[in-house]
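Some features that TrEMBL has for this protein:
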DOMAIN    1-281  domain 'Hcy-binding'
BINDING   C201, C266, C267  Zn(2+) binding site
Amino acid sequence: MGLLQDLKERILIADGAMGTLLYSHGVDRCFEELNLSKPEDIIHIHEAYIAAGAEVIQTNTYGANYVKLARYGLEDEVPSINRAAVRLAKKAAGNKAYVLGTIGGLRSINKSAVSIEEVKRTFREQLFVLLNEDVDGLLLETYYDLEELETVLAIARKETDKPIIAHVSLHEVGVLQDGTPLSEALARLEQLGADVIGLNCRLGPYHMIRSLEEVPLPKKAFLSAYPNASLPDYRDGRLIYETNTDYFKETALAFREQGVRLIGGCCGTTPKHIEAIANALTDRTPITEKVVKQRHVPISIQTNEPNAAPPLQDIVRKRRSVIVELDPPKKLGIAKFLEGAKALKEANIDALTLADNSLATPRISNMALGSIVKEQLGIRPLIHITCRDRNLIGLQSHLMGLHTLGITDVLAITGDPSKIGDFPGATSVYDLSSFDLIRLIRQFNEGLSYSGKPLGQKTNFSIAAAFNPNVRHLDKAVERLEKKIQCGAHYFITQPLYSEQQIEEVYEATKHLETPIYIGIMPLVSARNADFLHHEVPGITLSDEIRSRMAACANDPVQSAREGIAIAKSLIDAAFDLFNGIYLITPFLRYEMTVELVRYIHEKEQAAQERKVLHG
Ligand SMILES: Cc1cc2nc3c(=O)[nH]c(=O)nc-3n(C[C@H](O)[C@H](O)[C@H](O)COP(=O)(O)OP(=O)(O)OC[C@H]3O[C@@H](n4cnc5c(N)ncnc54)[C@H](O)[C@@H]3O)c2cc1C
Ligand SMILES: [Zn+2]
């Protein structure tokens, strides 16, 4: 009899966690390396699960791949660690249990952490060792990212006829992190040839059972579930799970009711949990009919107010548009900031952009100031959002907060890394890249959170993305723009540019894009400021002419500011006929400089319009 033949007839019990039982060897240890250094401990765990009633066990190879072993300098040991694992499991199993070769997901919640090519390479290497050691089947487990699981499953299906068990992991009941309903994901896995489809890890029995209520019995494949013991508690640097074996007894019956035919455990479970499941399931007959709960799809409420201002991307497509950055102060006290904001409003700007702790230096929260200028001064705030200071939880909370405040204009950026700022030891979070953040905001606009959970409303964010043309290869930067457009960017804002020629190059390199671009211009304030930008800011090159113009008035602050404004005006002239959007950056809260430039743009625009009328 083979595993699948058995599953046709009855429910089988699988084993529980490996990692949890190996914690005693040290939390920071490579658990898979223990296959080589502590083989008797691994055998002992397998034996304990078999004694508890497991008929299907898994090799201790969850993270035995190139990427994860490399963290311990063990990347050359992929073959030896996987080989040893299969031999140990087989030795423990004898003819009492099937041995599944486990391969764990790499990507977790972060899609961009590992490229699909790396996923394939890493998977193949581990797969071949496990198959060469003649496992009874494969267990692909803890895949949060469906693309990753579909990719590796297709590879495995091509390579072997042995049973393949494919498990996704969920954060939320019934949906994957990309919003795919569990029932659809499992159907896709069956389509790709998985013999057993199901869930493992992250959720305990309660949420897993609720998720399975929405899943019909598969046509050909079998359902499986390896729940965690409970939600984890974090104590003394380790995750602690409940030892709730009576509860597991009850839930085993509920899993059976959902049509599950292979039941094991994931993190936090022990042989005691498996014993409880085995004792509960005295009747191993699987169910053959099931009433499926309909997934509750809430009707999203459209939040576009009928008289809401048009988004900036629409404005800048139609006419000249000026947005101005005025950064939140580094010290408490906002009187000067508010004065500047007011003056800029009077000069007639389309939006005031507020940086998010630029140069990785703490400033007053741009959300707080954005809300103040919106409510008190009637200004449209454009809030920069970096991925540096907030994790995936914080970013989503921030977006919900902005929506609640009625702030809809955001710039999604990676953010300067902490090491360049005032607190170089601070963590740069980077749970998401700018691409992921853009995608996340687009998903919010569809009414869904990162994990696909309905938000109850659709947000209405207009999404700007950053364009840094100050790079050696402009074509590469343009490729990033194209990717950002695919992710959902509505328009771009550039780093400041300092030469007419560069503005023309940017125009040539981007004229094929339909997405509007605001060209960044920041007036120089002094010769030192010019030298700093030229010599110390990567990618920024000032022409000799600009530097000597600034140098000529080095000791005269008033004349320096005048010269800085004059230079900025010539850059505006260069950008004027090529781009509708101008993004002015206020240096050091010196708003009188940007106010003058805004006026200059409006006057120039008016003159151009009048000329147009005159010449028909
Ligand atoms: C309009 C604007 C506003 C900004 N506001 C802020 C702010 O408020 N707070 C803040 O901290 N920072 C801000 N920045 C700085 C920005 O975060 C950094 O310049 C960042 O390194 C790049 O931002 P990004 O989101 O465009 O990066 P991404 O396009 O996401 O790039 C991220 C990283 O990829 C690499 N990269 C980018 N382009 C290329 C390329 N062509 N080739 C190879 N590698 C590349 C770089 O290492 C870069 O750091 C702003 C930048 C711009 C243009
Ligand atoms: Zn787990």
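Every residue, even glycine, has its Cβ placed from backbone N, Cα and C.
Taking the Cβ of C267 (Zn(2+) binding site) as centre and 10 Å as the limit, one finds 22 other Cβ atoms among all the protein chains shown. Sequence-ordered, the extra residues of this chain that approach the Zn(2+) site, with Cβ no more than 8 Å from the Cβ center of C201, C266, C267, are A17, T142, S169, N200, R202, Y226, P227, N228, G265, G268, T269. It is C266 that, of the binding-site residues C201, C266, has its Cβ surrounded by the most other Cβ atoms within 10 Å. Mean pLDDT, taken over the domain 'Hcy-binding' (1-281), works out to 95 on the 0 to 100 scale.
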